[in-house]
Number of protein chains: 2
Amino acid sequence: MVGEENVLVDAAARLARATGLSYLDLLRRRAASADFPVPDAVVLPADPDEVQAVLDVCVRHDVGVVPFGGGTSVVGGVAALRGEKASVIALDLVRLDALVSVDAESRIAVLQAGVRGPAAERLLGEHGLTLGHVPQSFERATIGGFAATRSAGQASSGYGRFEDMVTGVRLATPRGPWKLGVAPASAAGPDLRQLAVGSEGTLGVITEVALRVRPAPQVRRYEGYALPGWTAGAEAVRDLAQHHALADVTRLSDVDETEVSLALNAGLKTAALRRYLAARGVRRPCFLIVGWEGTAHDVALRRRETTRRLKAAGAVRVGKALGESWRHGRFAGPRQRDVLLDMGVCVETLETAAYWSNVDELRDDVRAALTAALGRAIVMCHISHAYETGASLYFTVLTARDEADPVGQWQRAKAAASEAIAGLGTISHHHAVGVDHAPYLGAEIGSLGVEVLRAAKSAVDPTGILNPGKLV
Amino acid sequence: MVGEENVLVDAAARLARATGLSYLDLLRRRAASADFPVPDAVVLPADPDEVQAVLDVCVRHDVGVVPFGGGTSVVGGVAALRGEKASVIALDLVRLDALVSVDAESRIAVLQAGVRGPAAERLLGEHGLTLGHVPQSFERATIGGFAATRSAGQASSGYGRFEDMVTGVRLATPRGPWKLGVAPASAAGPDLRQLAVGSEGTLGVITEVALRVRPAPQVRRYEGYALPGWTAGAEAVRDLAQHHALADVTRLSDVDETEVSLALNAGLKTAALRRYLAARGVRRPCFLIVGWEGTAHDVALRRRETTRRLKAAGAVRVGKALGESWRHGRFAGPRQRDVLLDMGVCVETLETAAYWSNVDELRDDVRAALTAALGRAIVMCHISHAYETGASLYFTVLTARDEADPVGQWQRAKAAASEAIAGLGTISHHHAVGVDHAPYLGAEIGSLGVEVLRAAKSAVDPTGILNPGKLV
């Protein structure tokens, strides 16, 4: 029904849809004998109706279905697990690549699930619009994946998290099509859009998403500040968040991450910058990237308010170069990992979020857990998303790889960090649950929460073909 | 277990918890023979543990439980339906009246479910904080009720809808306690807080809610504008919403509602005002109330931006008197209905929300449906809540009561309006589902959506004791 050329059974095609991009995925792919599960076939439907038709066949033949978008999951979200099914397919949604409709008056665009970040911006750009969703996975990840995982972009302070942009969602399920979202807000029972968003392919295959869009910005202004230490930096970001003065991008590095930036960033005259900051009382700087996007009028107005508060908080302006160099390298992180892996480095990231009163303790505890598990390690941290009530914490870890047991080395560190997170924050702010975080979900949403998700899944997927072994 | 004095079985206590405040409820209460269901007992637990203990007993004895807060439902949400249960109690949460904790750094306060609007503001005011949630039911309704029904306050443009304020929720369920919310945002699966919020007592009894709070405002500034007609008015509100320039309160009346304001508002010098507006080209005015709250600095800054855009949209300033008179009468609407009922008037409200491109058609269709059903009637409409992608529409209907069949008269009008809404907007923007909107829920969230809600309910309430006959 999708055409023979859209059912791939060759090894290369199947291997390409077998893993995501976590450090463990990269290790597995480099191993001489790849010992990870691989889908039995890759199926590429053309549109939502074909997705539904494929699901119907999979129900009849009891075949597991792993929805596949950009393949950028770092939590095992696209692992080709088959659960109790004899066979499993990767349902690659890349052919669902259309901008379905634009309602300029309501500022809503409907995009198909397989549209990648750059294509979404190009399609919307033709209408003078932008989505403004720029996570680090932007270049490869898809609209359906953003929705399925509750993604958050680097400009989430301005454009919102992905779930804030979702006004409607269309799914194919084993029980038939399901469409949600008729108004910007509703009191017609629980918001089931927020059940579909984050369901990670377990409650249906997201085929289309209706999204709040905005006019493409006329002006983009990015710049850097330095704060005197982590506590002062976090306080400054909290002040901005609680006074509705956040820039669209607001990203605070801790001292360790700032030192790495200073060491690696060729665009900065490091020695002169250190002297300049020290003369202004900033001896252990924490870099803060702030970026505004919009009309010239709005950017000027909002920038004035943000910088007024930043200066009152003791921030010293570093200038445009720092902001622009961050902006141009913003998607490069994942690509650099392969180089580091070649050099024998264990490199991975993990993230969480907490209420403000827990942020410092959470950062200390996760750092301590990682250092205790790994021994000598560089642990960097930044706040990438700030809210009135709290913030996210994003950790980057580098250490010498234990060549005897590289997988076990990271699994132990990750488990230690996850244990430190439980009780103080969420197991994931924007990476989702997948396989890796599933053991910690019950502690966060309660065993009743897990049972509610399972019950919801049973209602739409009674035979359990959808993404076996993920989320719950 | 709650003490004998907290189990009421007298007729007055049971009658007082038998209905909400819809027009049909008022009619039923005035009828000589009250033919509506009444709970068998009223139970008043003191705290979340007692709520859980009462539920456990009700599970053992298969007793239906209707959670009761302020009793202000206008959709039958507190009707003492027993479904298949032999007996049903009203679980009155009014004794859960404590401010449990304040986290000033994170701007989060935990309030018990029975705290009413004014008490919440008084308790938070002692800490220099405000919730800012002021629906028309403010004076009687409770924190638990706001959460259970996805309430939206009159200042929702500034403070957000109630679900935007909820950072955590604690429920008692037939399967035991359930607690949700560990971070401001999360990608740990679907947001189950958004399943609990709006669950209308069917997924558990909300006993505590953690809420984002803000500093009590130093300044409140309310004023009125006149727009030249509905289309110009709606365009102006859309412009504000899409440029993040909404005042905290933004409320646009249509021409009919404005005419009633002009006729009834003693504070306005009507003839002079009409001449003043006509001289500025506004012959059929639509009043717009705008109100800002916050620090003097923020109010000045934001007011400048709102008024700049309003003037560019052709708005003529009417002044402070209009804004202040609205503010002082903002909770009076429900009380005036009894006077009108005495005069033989049929008076009721209904509300919806839609994306901007549907707003005009939706308003026209609902007005036409109501007029066709009722014959001669005054139908007024206002936008009370505006979003980037759409707005709410709130209708007030007055007509001569059909004394032969007053209930049928309104039921037919309501059904006609609800049919007009289906497909263009949501069956409720902030009144919830209850009994009255349940027949229309399937059209909005799909039969799969209804099944998902039923499955979630079965997981936490396998014997179906919670609020029988409501929502689904």
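Using N, Cα and C of the backbone, Cβ positions are placed for all residues, glycine too.
Record features (TrEMBL):
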DOMAIN    A:35-216  domain 'FAD-binding PCMH-type'
BINDING   A:Pro67, A:Phe68, A:Gly69, A:Gly70, A:Gly71, A:Thr72, A:Ser73, A:Glu200, A:Gly201, A:Thr202, A:Leu203, A:Gly204, A:Val205, A:Ile206  FAD binding site
SITE      A:Arg251  site 'Important for enzyme activity'
BINDING   A:Arg337  substrate binding site
ACT_SITE  A:Tyr394  active site, proton donor/acceptor
Residue among the binding-site residues A:Gly69, A:Gly71 whose Cβ has the most other Cβ atoms within 10 Å: A:Gly69
Euclidean distance between Cα atoms of A:Tyr394 (active site, proton donor/acceptor) and A:Arg251 (site 'Important for enzyme activity'), Å: 10
Around the Cβ of A:Leu203 (FAD binding site), the count of other Cβ atoms that are within 10 Å: 27
Fewest other C-beta atoms within 10 angstroms, as judged across A:Arg251, A:Arg337, which are the recorded positions: A:Arg337
Where A:Val205 (FAD binding site) sits in the secondary structure, as DSSP reduces it to three classes: strand
Close in space, distant in sequence - A:Ser73 (FAD binding site), Cβ under 8 Å, 6 or more apart: A:Gly20, A:Leu21, A:Ser22, A:Gly145, A:Thr149, A:Ala432, A:Gly434
FAD site span - longest C-alpha distance across A:Pro67, A:Phe68, A:Gly69, A:Gly70, A:Gly71, A:Thr72, A:Ser73, A:Glu200, A:Gly201, A:Thr202, A:Leu203, A:Gly204, A:Val205, A:Ile206, in Å: 20
Tertiary neighbours of A:Pro67 (FAD binding site) (same chain, Cβ under 8 Å, six or more apart): A:Val78, A:Leu91, A:Leu93, A:Gly144, A:Ala148, A:Gly201, A:Val205, A:Ile206, A:Leu466, A:Asn467
Residue from A:Gly69, A:Gly71, A:Arg337 whose C-alpha is spatially nearest that of A:Tyr394 (active site, proton donor/acceptor), among the binding-site residues: A:Arg337
Residue with minimal Cβ packing [other Cβ atoms within 10 Å] among the recorded positions A:Gly201, A:Val205, A:Tyr394: A:Tyr394
Candidate nearest A:Arg337 (substrate binding site) in space, where candidates are the binding-site residues A:Gly69, A:Gly71, A:Leu203 and distance is Cα-Cα: A:Gly71
